[in-house]
C-alpha cells in the first residue's frame, strides 16, 4: 500500500464518520515563536484552546511537519527524520474517549479489503495513564488483551500545551515487530521492538503553572472536552509495506536509489555510507517540501534551516564520492516520489528546483574555498597541541568572511579528530551582533527600547495617523525623549530630540517606504526640523528632530507640516514599485514574489524571489509594460477590508509579514490590474508618476534578485544625462549615436589584440631566461639548489606557473631543488611562485611555507601545497628583498 493510499484510507474513514477533512496547513508556522509546523495539532490550537470556533466539531487532516531539533542525529539512526506527516482526528467538545478509542481500534484492525489497515490485533499494544482506568476498560471492551495494556506516568502519558490551557491523559498505540527487533515485555521493555504508531490525547482538564511534564497544577475539568490524536504516517507506511524503517518506504527510498546511482555505492553494505545515504534522503525531501511552501535559502530563520538542509545534502554526497552537482538528480526524484500525496508540487517545481540548484552551485564554491582554509586551521591545531582545537577566531573568519557555517566547521573538524573552540566563536558572534544592534539603534537615538515600552503604557488613546488625507495638522506634544535621558518634560535648543504627538500627518518608515520629513512649529516659538520618523515599537510614532530654536515642552500645541515635495516623490516611487512587482509577475510567473523594497524620492529598489538572472528582454518588457500603464493613467484606490476577503480578491502580500484582521488594499486600475496589501502612501492616478527607467537587475543572494529604477524626475534626469553622455561619446569617437556600439567593439578588439601581443612578448622573454637560470643553478655547490629570479613583467599568471614547473623539471631530482620566480602581473601587482622537487620536500622544505614568507615581505599573502604554491602582494619594489629572504630560508634546511 502506497503512503499516499495509507493517508487517503485514514481520511476516508473519518470522513465516513462525519469529520470535516481539511488540507494540510503550510509548513510555515503561524506562531512567531516557531519556524515550522512541528505537529499535526498545531493548526488546530485555536480550537483546542477555545480561542476560535471551529468550522465543524469533528475534523481530520494529514499535516506536513518539520522538526530540525535533532538534525545532527538524522541518518545515525533509522528513527530520526526532519520531515514527517501526521494523520490526526480531532473533536472539539463533541465525541470523547470511548469513540476515539473505538475509531482507532476499528481502523487499525479492520481488514484492508474492508477499508482498514489490517493489523493483527495480537500485535497491538496500548499504554494508558496510570490513573486512567477508564481508558483501560474501554480498550478491553474493544477486544484488546489486558496483558497488552501497560500503565505509564505523567512523563509519558499526560499531555499539555507546555503552558496554561487544556491538558489530559493520553493513550498510545504500539505495534510489536517481533523478537528479531528486541526483547519481549511490551513498550515499557523495548521501544525499538514495540513501535508507537498513534497517540490519543483526551483533553478533559484545565491546567496551569506548568513547570515540567510532571510538575503542573490541574485547575479542574473542562466544560468542553477535546480529542487530539496523531498517527505517524511514515511509521504506518513502513509497517504496512513490510519494511524495516521509514527510509525504506516508497516516498523516501527512491532518493537513496538515485544517490546509489550517482555514487556507485550500495546502500546496506557500509554503515558510514548508509548514514550519508539516509541524510541525503531525508534532507532532500524536507528541502523540497519547505521550498514548495515558499521558503528560500537565506542566512536567517527558516531560510537558514533550509540552507543547512541543502548544504548537508551536498556535503553528504561528497563524502559518498560525488563532486558533481547532485540536486538536479535528487530533487526530481523526490518530487516524483511525493507527488502522489502532493500533486501541487508540480506547480512550483521549476522555480523551486532552479533555486535549489543555484544554492548548490554557490555552496560548492564555498566548500572548495572553506575546506582549504579549514584544513590549514586543522593542521595548525594539530601541530600546536596533543589535543588539537581549531581556534574560535579561525571558525569565525570561516563563517564571517567565507560563508562557511559553524555547524559544517564542527562536523568537518570532528571527522579529523579535532575540536573547535565554539565558546570563542560564540563570543565573537555575540560581539558582532552587539555592534550591529548598536548601529541599528543609533537610528532611533536610543539604546533601550524599554523607554518606549514604558512611555506607551502611559498613553490614554492610540496615536492618530492622519497622513493619508492631511499633509499638515494641529497636534499636541505628548512626549519628548533625549538620548541618555529617556523621557523628559522639556528641551531647549539647539538639541536633537525625539517628539511624540497625539496625532500626526508624518508617515513613519515602514513596508519599504522611507519616512516623511518636514517641520514641527510650536505655538510657543519652538522650531523643529523633522529628519526621520520611526516606529521603534508597535503603534508608537516617533519624530526624530533637530530643535533649532526655542524651548519645547510636553503639552505644547504645535503645527506639524510634512515636506510636500518629498512626500509626492516617495508616493510616485511607491506606486511605481507596485507596478514593477505586477509586471515582473506577468513576465516571470507568480513565483516572482516580493522579498523587500525601498521607496525613496525619485527612485525605487525592488527585491524579488527568483533563482537566476532573467533575460534582458524580460526586464525591458517589464519597463515597457509599466510605462504603458502610466500612459493609460490608471486610477489608484485604497480600501480597508477583512484579510480573508483581500486574499480572495487576489491581493498580494509580503511573505512572512503578519497582518491584522482588517487590512488596507491598494488597487491600480478599475479592474484591479494590481492589488496589494499596503499601508503606504500613493498617487491617485499613475500618470502622475511620469516615467520609470530600470537601471539594473542583479543577484543580492541565493534565490533573490534586485531591480533598481529611477522614477519621475529621477527618470527624466537620468535620460538627460544619458543623452549628454551619448553626445560626448559621439563627438570623441566621431560617430553617430547609432554607430557607437560598432565603433566601441572595434576599439575593444584592437585593445585585446594589443594585450595578446604584449603577453606573448612577456612570455617569450620569460622563456628566454630559463636556460641561463637552469645552468647557473646546476653549477651551484650548495646542498639545496635554489633557483630565484626577478623576471619583471611576465603577463598572465599561468605563464609564471608553467615556467617555474619547467625549471624544476629541468633541474631533476639529484639534489633538493627550490625554484622561485617573482615579477609583476597584468595588473602591475607583484607575485611569486615556488616549486620544490621531491628531494627538497623530504628535507622538510615546503613551497607553501616559502611563499607565505615571501608574500609577507611584499605586503600580501599566499599559500598552496608542499610541491607548488603562489602568492602576491602590493609592493613591487620589494621583489628582490622577498626573493632573497626566500632563498635564505630555503638554504637553512
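Yeah, the Cβs are placed from backbone N, Cα and C, and that goes for glycine too.
Small disclaimer: the values here were computed from a predicted structure and weren't measured.
According to Swiss-Prot, the protein carries these features:
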- 574, 578, 678, 682: Zn(2+) binding site (BINDING)
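Sequence-distant neighbours of residue 574 (Zn(2+) binding site) (same chain, six or more apart, CB under 8 Å from its CB) are 512, 513, 599, 604, 678, 680, 681, 682, listed in sequence order. Of the chain residues outside the Zn(2+) site list 574, 578, 678, 682, 513, 571, 575, 577, 599, 636, 666, 676, 680, 681 have their Cβ within 8 Å of the site's Cβ mean position. Neighbours of residue 678 (Zn(2+) binding site), defined as other CB atoms within 10 A of its CB across all chains, total 25.
Counting every protein chain shown, the Cβ of residue 682 (Zn(2+) binding site) has 26 other Cβ atoms within 10 Å. Within 10 Å of the C-beta of residue 578 (Zn(2+) binding site) there are 28 other C-beta atoms, taking all protein chains into account.
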